[in-house]
Amino acid sequence: MSEMTPREIVHELNRHIIGQDKAKRSVAIALRNRWRRMQLEESLRVEVTPKNILMIGPTGVGKTEIARRLAKLANAPFIKVEATKFTEVGYVGKEVETIIRDLTDVAVKMTHQQAMEKVKFRAEEQAEERVLDALLPPARDAWGQSEQKEDTSNTRQIFRKKLREGQLDDKEIEIDVAAPQMGVEIMAPPGMEEMTNQLQGMFQNLAGDTKKKRKLKIKDAMKALAEEEAAKLVNQEELKESAIFNVENNGIVFIDEIDKICKRGESSGPDVSREGVQRDLLPLIEGSTVSTKHGMVKTDHILFVASGAFQVAKPSDLIPELQGRLPIRVELEALTSNDFKRILTEPKASLTEQYIALMKTESVDVEFTEDGITQIAEAAWTVNETTENIGARRLHTVMERLMDEISYDATEKAGEKFVINAAYVKDRLGDTIEDEDLSRFIL
(Lines of atoms letter the chains of each structure in order from A and count residues from 1; the text may use other names and numbers.)
(Lines give C-alpha, C1' and ligand atoms only; values in the text may rest on other atoms or scores of the structure.)
Protein backbone atom coordinates (compact mmCIF):
# COMPACT_ATOMS: atom_id res chain seq x y z
CA MET A 1 0.00 0.00 0.00
CA SER A 2 1.21 3.52 -0.85
CA GLU A 3 2.77 5.52 2.01
CA MET A 4 2.80 8.81 0.08
CA THR A 5 1.68 11.94 1.93
CA PRO A 6 -1.31 13.96 0.59
CA ARG A 7 1.10 16.64 -0.68
CA GLU A 8 3.17 14.03 -2.56
CA ILE A 9 0.03 12.47 -4.08
CA VAL A 10 -1.21 15.88 -5.30
CA HIS A 11 2.27 16.67 -6.69
CA GLU A 12 2.26 13.37 -8.61
CA LEU A 13 -1.27 14.00 -9.95
CA ASN A 14 -0.19 17.51 -11.04
CA ARG A 15 2.32 15.93 -13.41
CA HIS A 16 -0.55 14.47 -15.45
CA ILE A 17 -3.70 16.50 -14.68
CA ILE A 18 -4.14 20.27 -14.97
CA GLY A 19 -6.28 22.11 -12.40
CA GLN A 20 -9.00 20.42 -10.30
CA ASP A 21 -7.11 21.02 -7.03
CA LYS A 22 -10.15 20.30 -4.81
CA ALA A 23 -10.66 16.85 -6.35
CA LYS A 24 -6.95 16.05 -6.08
CA ARG A 25 -6.89 17.09 -2.40
CA SER A 26 -9.95 14.96 -1.60
CA VAL A 27 -8.60 11.77 -3.19
CA ALA A 28 -5.14 12.41 -1.67
CA ILE A 29 -6.62 12.73 1.84
CA ALA A 30 -8.82 9.64 1.31
CA LEU A 31 -5.80 7.62 0.14
CA ARG A 32 -3.66 8.77 3.08
CA ASN A 33 -6.48 7.93 5.52
CA ARG A 34 -6.27 4.30 4.32
CA TRP A 35 -2.65 4.23 5.52
CA ARG A 36 -3.48 6.08 8.79
CA ARG A 37 -6.23 3.59 9.62
CA MET A 38 -3.83 0.65 9.25
CA GLN A 39 -1.56 2.20 11.92
CA LEU A 40 -4.35 2.12 14.55
CA GLU A 41 -4.96 -0.59 17.14
CA GLU A 42 -7.28 -3.40 16.02
CA SER A 43 -10.17 -2.32 18.31
CA LEU A 44 -10.22 1.24 16.93
CA ARG A 45 -9.37 0.26 13.35
CA VAL A 46 -12.65 -1.67 13.01
CA GLU A 47 -14.64 1.47 13.91
CA VAL A 48 -12.97 3.77 11.35
CA THR A 49 -14.91 3.57 8.09
CA PRO A 50 -13.83 5.25 4.85
CA LYS A 51 -15.44 8.55 3.78
CA ASN A 52 -16.67 7.79 0.27
CA ILE A 53 -16.37 10.51 -2.40
CA LEU A 54 -18.74 11.81 -5.10
CA MET A 55 -16.99 13.77 -7.89
CA ILE A 56 -19.30 16.07 -9.87
CA GLY A 57 -18.21 17.81 -13.05
CA PRO A 58 -18.83 18.12 -16.79
CA THR A 59 -17.38 15.60 -19.22
CA GLY A 60 -13.70 15.86 -20.14
CA VAL A 61 -12.47 17.76 -17.05
CA GLY A 62 -10.36 14.95 -15.55
CA LYS A 63 -12.63 12.76 -13.37
CA THR A 64 -11.69 9.50 -15.09
CA GLU A 65 -8.05 10.58 -15.50
CA ILE A 66 -7.80 11.15 -11.72
CA ALA A 67 -9.04 7.56 -11.24
CA ARG A 68 -6.51 6.16 -13.73
CA ARG A 69 -3.59 7.94 -12.10
CA LEU A 70 -4.84 7.11 -8.61
CA ALA A 71 -4.80 3.40 -9.52
CA LYS A 72 -1.07 3.60 -10.29
CA LEU A 73 -0.27 5.59 -7.14
CA ALA A 74 -2.38 3.57 -4.70
CA ASN A 75 -0.37 0.34 -4.87
CA ALA A 76 -3.58 -1.27 -3.58
CA PRO A 77 -6.37 -3.35 -5.18
CA PHE A 78 -8.19 -0.91 -7.47
CA ILE A 79 -11.00 -1.34 -10.00
CA LYS A 80 -12.84 1.14 -12.21
CA VAL A 81 -16.36 0.24 -13.36
CA GLU A 82 -19.13 1.93 -15.35
CA ALA A 83 -22.41 2.16 -13.42
CA THR A 84 -24.35 1.69 -16.68
CA LYS A 85 -23.03 -1.88 -17.11
CA PHE A 86 -25.10 -3.23 -14.22
CA THR A 87 -28.73 -4.25 -13.76
CA GLU A 88 -30.61 -5.04 -10.57
CA VAL A 89 -30.78 -8.60 -9.23
CA GLY A 90 -33.26 -10.78 -11.09
CA TYR A 91 -32.77 -9.20 -14.52
CA VAL A 92 -30.45 -10.28 -17.34
CA GLY A 93 -27.13 -8.46 -16.98
CA LYS A 94 -24.23 -8.04 -14.56
CA GLU A 95 -25.02 -7.79 -10.87
CA VAL A 96 -23.18 -5.24 -8.73
CA GLU A 97 -21.55 -7.99 -6.63
CA THR A 98 -19.31 -8.77 -9.63
CA ILE A 99 -17.50 -5.50 -8.77
CA ILE A 100 -16.16 -7.06 -5.55
CA ARG A 101 -15.40 -10.37 -7.29
CA ASP A 102 -13.39 -8.56 -9.97
CA LEU A 103 -11.63 -6.47 -7.30
CA THR A 104 -10.69 -9.69 -5.45
CA ASP A 105 -9.30 -11.16 -8.70
CA VAL A 106 -7.18 -8.01 -9.11
CA ALA A 107 -5.89 -8.39 -5.52
CA VAL A 108 -5.06 -12.10 -5.98
CA LYS A 109 -3.14 -11.36 -9.18
CA MET A 110 -1.31 -8.47 -7.49
CA THR A 111 -0.43 -10.54 -4.38
CA HIS A 112 0.68 -13.45 -6.61
CA GLN A 113 3.09 -11.18 -8.53
CA GLN A 114 4.53 -9.83 -5.26
CA ALA A 115 4.95 -13.36 -3.85
CA MET A 116 6.64 -14.55 -7.07
CA GLU A 117 9.00 -11.57 -6.90
CA LYS A 118 10.03 -12.50 -3.33
CA VAL A 119 11.00 -16.08 -4.28
CA LYS A 120 12.47 -15.09 -7.65
CA PHE A 121 16.12 -15.52 -6.55
CA ARG A 122 15.57 -19.00 -5.04
CA ALA A 123 13.50 -20.08 -8.04
CA GLU A 124 16.25 -18.98 -10.46
CA GLU A 125 18.84 -20.95 -8.46
CA GLN A 126 16.71 -24.12 -8.65
CA ALA A 127 16.03 -23.53 -12.36
CA GLU A 128 19.78 -23.22 -12.93
CA GLU A 129 20.37 -26.60 -11.25
CA ARG A 130 17.71 -28.24 -13.45
CA VAL A 131 19.29 -26.79 -16.60
CA LEU A 132 22.73 -28.03 -15.50
CA ASP A 133 21.23 -31.48 -14.85
CA ALA A 134 19.93 -31.48 -18.43
CA LEU A 135 23.32 -30.41 -19.80
CA LEU A 136 25.32 -32.78 -17.56
CA PRO A 137 23.16 -35.70 -16.43
CA PRO A 138 24.67 -37.03 -13.16
CA ALA A 139 26.31 -40.49 -13.36
CA ARG A 140 24.29 -43.24 -11.62
CA ASP A 141 25.49 -46.34 -9.75
CA ALA A 142 24.13 -49.89 -10.09
CA TRP A 143 21.22 -49.02 -7.74
CA GLY A 144 20.18 -46.02 -9.81
CA GLN A 145 21.49 -43.49 -7.28
CA SER A 146 23.33 -40.43 -8.62
CA GLU A 147 27.06 -40.29 -7.93
CA GLN A 148 28.85 -36.97 -7.45
CA LYS A 149 32.37 -37.24 -8.82
CA GLU A 150 34.98 -34.50 -8.46
CA ASP A 151 35.68 -34.14 -12.21
CA THR A 152 31.93 -33.91 -12.91
CA SER A 153 31.63 -31.23 -10.23
CA ASN A 154 34.42 -29.18 -11.83
CA THR A 155 32.79 -29.48 -15.26
CA ARG A 156 29.49 -28.42 -13.72
CA GLN A 157 31.11 -25.25 -12.31
CA ILE A 158 32.57 -24.42 -15.74
CA PHE A 159 29.13 -24.82 -17.34
CA ARG A 160 27.52 -22.81 -14.52
CA LYS A 161 29.93 -19.92 -15.26
CA LYS A 162 29.13 -20.08 -18.99
CA LEU A 163 25.41 -20.22 -18.22
CA ARG A 164 25.56 -17.10 -16.04
CA GLU A 165 27.61 -15.24 -18.64
CA GLY A 166 25.00 -16.04 -21.31
CA GLN A 167 27.36 -18.08 -23.51
CA LEU A 168 24.87 -20.99 -23.67
CA ASP A 169 21.69 -18.95 -24.26
CA ASP A 170 21.11 -20.22 -27.81
CA LYS A 171 21.94 -23.88 -27.10
CA GLU A 172 18.89 -26.19 -27.16
CA ILE A 173 18.12 -28.67 -24.38
CA GLU A 174 15.29 -31.10 -23.66
CA ILE A 175 13.56 -30.58 -20.32
CA ASP A 176 10.45 -31.74 -18.44
CA VAL A 177 8.11 -28.81 -17.86
CA ALA A 178 4.51 -28.61 -16.68
CA ALA A 179 2.18 -29.09 -19.64
CA PRO A 180 0.07 -26.02 -20.45
CA GLN A 181 -3.43 -26.31 -19.01
CA MET A 182 -6.15 -26.99 -21.54
CA GLY A 183 -8.45 -24.00 -21.87
CA VAL A 184 -12.12 -24.96 -21.63
CA GLU A 185 -14.41 -22.33 -23.15
CA ILE A 186 -17.91 -22.27 -21.69
CA MET A 187 -20.58 -19.94 -23.06
CA ALA A 188 -22.63 -18.64 -20.15
CA PRO A 189 -25.67 -16.37 -19.99
CA PRO A 190 -25.06 -12.83 -18.64
CA GLY A 191 -24.81 -12.65 -14.87
CA MET A 192 -23.50 -16.22 -14.47
CA GLU A 193 -19.79 -15.50 -15.04
CA GLU A 194 -18.89 -16.71 -11.51
CA MET A 195 -20.38 -20.16 -12.14
CA THR A 196 -18.57 -20.33 -15.50
CA ASN A 197 -15.23 -19.56 -13.84
CA GLN A 198 -15.79 -22.31 -11.26
CA LEU A 199 -16.64 -24.86 -13.98
CA GLN A 200 -13.55 -23.91 -15.98
CA GLY A 201 -11.38 -24.31 -12.87
CA MET A 202 -12.93 -27.72 -12.17
CA PHE A 203 -12.21 -28.99 -15.70
CA GLN A 204 -8.63 -27.72 -15.54
CA ASN A 205 -8.06 -29.44 -12.18
CA LEU A 206 -9.32 -32.75 -13.61
CA ALA A 207 -6.36 -32.76 -16.00
CA GLY A 208 -3.94 -32.65 -13.03
CA ASP A 209 -0.31 -31.52 -13.14
CA THR A 210 1.23 -33.37 -16.06
CA LYS A 211 4.83 -33.04 -17.23
CA LYS A 212 5.76 -32.74 -20.86
CA LYS A 213 9.16 -33.02 -22.58
CA ARG A 214 9.99 -29.89 -24.54
CA LYS A 215 12.99 -28.77 -26.56
CA LEU A 216 13.84 -25.17 -25.71
CA LYS A 217 16.72 -22.75 -25.99
CA ILE A 218 18.47 -22.43 -22.62
CA LYS A 219 17.38 -18.78 -22.31
CA ASP A 220 13.69 -19.77 -22.67
CA ALA A 221 14.14 -22.92 -20.56
CA MET A 222 15.53 -20.86 -17.65
CA LYS A 223 12.49 -18.59 -17.76
CA ALA A 224 9.97 -21.48 -17.93
CA LEU A 225 11.69 -23.45 -15.15
CA ALA A 226 12.07 -20.37 -12.91
CA GLU A 227 8.30 -19.72 -13.17
CA GLU A 228 7.57 -23.37 -12.38
CA GLU A 229 9.90 -23.39 -9.36
CA ALA A 230 8.52 -20.07 -8.08
CA ALA A 231 4.96 -21.46 -8.26
CA LYS A 232 6.09 -24.41 -6.06
CA LEU A 233 7.55 -22.04 -3.45
CA VAL A 234 4.37 -19.93 -3.16
CA ASN A 235 1.69 -21.05 -0.70
CA GLN A 236 -1.60 -20.54 -2.59
CA GLU A 237 -3.82 -20.61 0.52
CA GLU A 238 -1.75 -17.96 2.32
CA LEU A 239 -1.72 -15.93 -0.88
CA LYS A 240 -5.56 -15.93 -1.06
CA GLU A 241 -5.88 -14.97 2.62
CA SER A 242 -3.43 -12.10 2.13
CA ALA A 243 -5.28 -10.92 -1.01
CA ILE A 244 -8.67 -10.94 0.76
CA PHE A 245 -7.19 -8.98 3.71
CA ASN A 246 -5.76 -6.48 1.21
CA VAL A 247 -9.15 -6.06 -0.53
CA GLU A 248 -11.05 -5.64 2.74
CA ASN A 249 -8.68 -3.02 4.17
CA ASN A 250 -7.10 -1.25 1.20
CA GLY A 251 -9.47 -1.90 -1.74
CA ILE A 252 -10.66 1.07 -3.83
CA VAL A 253 -13.66 0.99 -6.21
CA PHE A 254 -14.16 3.82 -8.71
CA ILE A 255 -17.73 3.95 -10.10
CA ASP A 256 -17.95 6.13 -13.21
CA GLU A 257 -21.11 7.51 -14.88
CA ILE A 258 -23.15 7.25 -11.67
CA ASP A 259 -25.41 10.06 -12.92
CA LYS A 260 -26.65 7.72 -15.67
CA ILE A 261 -28.42 5.52 -13.08
CA CYS A 262 -30.46 8.39 -11.63
CA LYS A 263 -34.22 8.23 -12.11
CA ARG A 264 -35.25 11.03 -14.45
CA GLY A 265 -38.64 12.69 -14.29
CA GLU A 266 -41.88 11.08 -13.22
CA SER A 267 -41.51 7.85 -15.22
CA SER A 268 -43.72 4.91 -14.36
CA GLY A 269 -42.93 1.20 -14.52
CA PRO A 270 -39.80 -0.70 -13.50
CA ASP A 271 -36.48 1.11 -13.86
CA VAL A 272 -34.23 -1.91 -14.26
CA SER A 273 -30.92 -0.19 -14.92
CA ARG A 274 -31.38 2.85 -12.68
CA GLU A 275 -32.97 2.97 -9.24
CA GLY A 276 -32.70 -0.81 -8.82
CA VAL A 277 -28.93 -0.63 -9.38
CA GLN A 278 -28.66 2.17 -6.81
CA ARG A 279 -30.48 0.00 -4.25
CA ASP A 280 -28.17 -2.93 -5.03
CA LEU A 281 -25.13 -0.67 -4.53
CA LEU A 282 -26.31 0.36 -1.04
CA PRO A 283 -25.30 -2.82 0.85
CA LEU A 284 -21.91 -2.91 -0.94
CA ILE A 285 -21.09 0.67 0.06
CA GLU A 286 -22.61 0.38 3.55
CA GLY A 287 -20.85 -2.93 4.23
CA SER A 288 -21.83 -6.50 3.44
CA THR A 289 -20.23 -9.88 2.79
CA VAL A 290 -19.78 -11.02 -0.80
CA SER A 291 -19.03 -14.60 -1.81
CA THR A 292 -16.15 -14.95 -4.30
CA LYS A 293 -14.28 -17.98 -5.64
CA HIS A 294 -11.36 -17.03 -3.36
CA GLY A 295 -13.48 -16.76 -0.19
CA MET A 296 -15.86 -14.40 1.61
CA VAL A 297 -15.05 -10.68 1.31
CA LYS A 298 -16.37 -7.98 3.69
CA THR A 299 -16.92 -4.60 2.04
CA ASP A 300 -17.15 -2.50 5.25
CA HIS A 301 -13.77 -0.78 4.73
CA ILE A 302 -13.53 -0.63 0.93
CA LEU A 303 -13.30 2.97 -0.33
CA PHE A 304 -15.85 3.93 -3.01
CA VAL A 305 -15.27 6.92 -5.30
CA ALA A 306 -18.22 7.74 -7.59
CA SER A 307 -18.22 10.28 -10.40
CA GLY A 308 -20.69 11.72 -12.88
CA ALA A 309 -21.24 14.70 -15.17
CA PHE A 310 -24.76 15.37 -13.78
CA GLN A 311 -25.68 17.45 -16.84
CA VAL A 312 -29.24 16.07 -17.10
CA ALA A 313 -29.72 14.65 -13.60
CA LYS A 314 -28.66 16.27 -10.30
CA PRO A 315 -26.86 14.64 -7.33
CA SER A 316 -30.14 15.06 -5.41
CA ASP A 317 -31.77 12.68 -7.96
CA LEU A 318 -29.79 9.81 -6.43
CA ILE A 319 -31.83 7.92 -3.84
CA PRO A 320 -31.36 9.54 -0.38
CA GLU A 321 -29.74 6.44 1.14
CA LEU A 322 -27.00 6.47 -1.54
CA GLN A 323 -26.44 10.23 -1.15
CA GLY A 324 -25.84 9.65 2.56
CA ARG A 325 -23.21 7.01 1.82
CA LEU A 326 -21.20 9.41 -0.38
CA PRO A 327 -20.54 12.16 2.21
CA ILE A 328 -17.65 13.98 0.51
CA ARG A 329 -18.77 16.05 -2.50
CA VAL A 330 -16.19 17.50 -4.87
CA GLU A 331 -17.11 19.77 -7.76
CA LEU A 332 -14.75 19.87 -10.74
CA GLU A 333 -14.69 23.11 -12.73
CA ALA A 334 -15.16 23.40 -16.50
CA LEU A 335 -11.87 23.99 -18.33
CA THR A 336 -10.92 27.43 -19.67
CA SER A 337 -8.83 28.42 -22.70
CA ASN A 338 -5.82 28.91 -20.39
CA ASP A 339 -6.31 25.37 -18.97
CA PHE A 340 -6.26 23.98 -22.52
CA LYS A 341 -2.99 25.82 -23.15
CA ARG A 342 -1.45 24.25 -20.04
CA ILE A 343 -2.81 20.78 -20.98
CA LEU A 344 -1.01 21.04 -24.34
CA THR A 345 2.39 21.69 -22.76
CA GLU A 346 2.69 21.00 -19.01
CA PRO A 347 1.72 17.34 -18.32
CA LYS A 348 4.23 14.55 -18.67
CA ALA A 349 3.88 13.16 -22.24
CA SER A 350 1.63 16.06 -23.28
CA LEU A 351 -0.23 16.05 -26.61
CA THR A 352 2.33 18.27 -28.34
CA GLU A 353 5.17 16.07 -27.04
CA GLN A 354 3.41 12.98 -28.41
CA TYR A 355 2.99 14.45 -31.91
CA ILE A 356 6.61 15.67 -32.00
CA ALA A 357 7.83 12.16 -31.03
CA LEU A 358 5.53 10.43 -33.55
CA MET A 359 6.75 12.62 -36.44
CA LYS A 360 10.37 12.14 -35.32
CA THR A 361 10.03 8.44 -36.26
CA GLU A 362 9.62 9.61 -39.89
CA SER A 363 12.61 12.03 -39.56
CA VAL A 364 10.22 15.01 -39.64
CA ASP A 365 10.79 17.85 -37.15
CA VAL A 366 7.71 19.55 -35.74
CA GLU A 367 7.89 22.66 -33.57
CA PHE A 368 4.97 24.25 -31.74
CA THR A 369 5.39 27.98 -31.08
CA GLU A 370 3.90 29.83 -28.09
CA ASP A 371 1.33 31.69 -30.23
CA GLY A 372 0.51 28.46 -32.10
CA ILE A 373 -0.32 26.64 -28.83
CA THR A 374 -2.42 29.63 -27.68
CA GLN A 375 -4.35 29.54 -30.96
CA ILE A 376 -4.99 25.75 -30.67
CA ALA A 377 -6.27 26.20 -27.09
CA GLU A 378 -8.58 29.04 -28.14
CA ALA A 379 -9.85 27.04 -31.12
CA ALA A 380 -10.74 24.05 -28.89
CA TRP A 381 -12.41 26.32 -26.31
CA THR A 382 -14.41 28.18 -29.01
CA VAL A 383 -15.76 24.94 -30.52
CA ASN A 384 -16.71 23.69 -27.03
CA GLU A 385 -18.60 26.92 -26.35
CA THR A 386 -20.44 27.04 -29.67
CA THR A 387 -21.31 23.33 -29.93
CA GLU A 388 -21.22 20.61 -27.24
CA ASN A 389 -18.74 21.06 -24.39
CA ILE A 390 -16.70 17.84 -24.23
CA GLY A 391 -13.84 19.32 -22.22
CA ALA A 392 -10.20 18.40 -22.88
CA ARG A 393 -11.23 15.63 -25.28
CA ARG A 394 -11.86 18.39 -27.85
CA LEU A 395 -8.08 18.94 -28.01
CA HIS A 396 -7.61 15.47 -29.51
CA THR A 397 -10.08 16.27 -32.30
CA VAL A 398 -8.54 19.69 -33.01
CA MET A 399 -4.96 18.32 -32.97
CA GLU A 400 -5.83 15.47 -35.34
CA ARG A 401 -7.43 17.94 -37.75
CA LEU A 402 -4.42 20.26 -37.46
CA MET A 403 -1.79 17.53 -37.98
CA ASP A 404 -3.72 15.64 -40.67
CA GLU A 405 -1.70 16.93 -43.67
CA ILE A 406 1.72 16.60 -41.97
CA SER A 407 0.92 13.04 -40.81
CA TYR A 408 -0.23 12.01 -44.29
CA ASP A 409 2.80 13.43 -46.14
CA ALA A 410 5.43 12.65 -43.46
CA THR A 411 6.99 9.71 -45.33
CA GLU A 412 7.71 11.85 -48.44
CA LYS A 413 8.93 14.83 -46.39
CA ALA A 414 11.66 13.20 -44.29
CA GLY A 415 14.27 15.72 -43.14
CA GLU A 416 11.90 18.71 -43.34
CA LYS A 417 10.82 20.95 -40.47
CA PHE A 418 7.28 22.22 -39.81
CA VAL A 419 6.57 25.15 -37.51
CA ILE A 420 3.06 25.17 -36.04
CA ASN A 421 2.42 28.86 -35.35
CA ALA A 422 -0.76 30.96 -35.07
CA ALA A 423 -0.87 31.58 -38.84
CA TYR A 424 -0.64 27.82 -39.59
CA VAL A 425 -3.41 27.02 -37.08
CA LYS A 426 -5.71 29.72 -38.51
CA ASP A 427 -5.03 28.50 -42.03
CA ARG A 428 -5.88 24.87 -41.16
CA LEU A 429 -8.77 25.45 -38.74
CA GLY A 430 -10.04 29.01 -39.31
CA ASP A 431 -12.92 28.31 -41.71
CA THR A 432 -14.09 25.24 -39.80
CA ILE A 433 -14.25 27.09 -36.47
CA GLU A 434 -16.05 30.13 -37.92
CA ASP A 435 -18.69 27.98 -39.62
CA GLU A 436 -20.67 26.64 -36.65
CA ASP A 437 -22.58 24.06 -38.71
CA LEU A 438 -19.33 22.70 -40.15
CA SER A 439 -17.59 22.51 -36.76
CA ARG A 440 -20.50 20.46 -35.38
CA PHE A 441 -19.66 17.66 -37.81
CA ILE A 442 -15.88 17.98 -38.21
CA LEU A 443 -14.64 19.07 -34.78
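Glycine residues also receive a Cβ, built from the backbone N, Cα and C atoms like all the rest.
Since the structure is predicted, the reported quantities are computational estimates derived from the model, not experimental observations.
Shown in sequence order, R279, L282 are the residues of the chain, 6+ apart in sequence, with a C-beta less than 8 angstroms from the C-beta of E321 (ATP binding site). The ATP binding site annotation in Swiss-Prot covers I18, G60, V61, G62, K63, T64, E65, D256, E321, R393.
Among the binding-site residues I18, V61, the residue whose Cβ has the fewest other Cβ atoms within 10 Å is I18. With a cut-off of 8 Å between CB atoms and residues at least 6 apart in sequence, the same chain places H16, I17 near E65 (ATP binding site), listed in sequence order.
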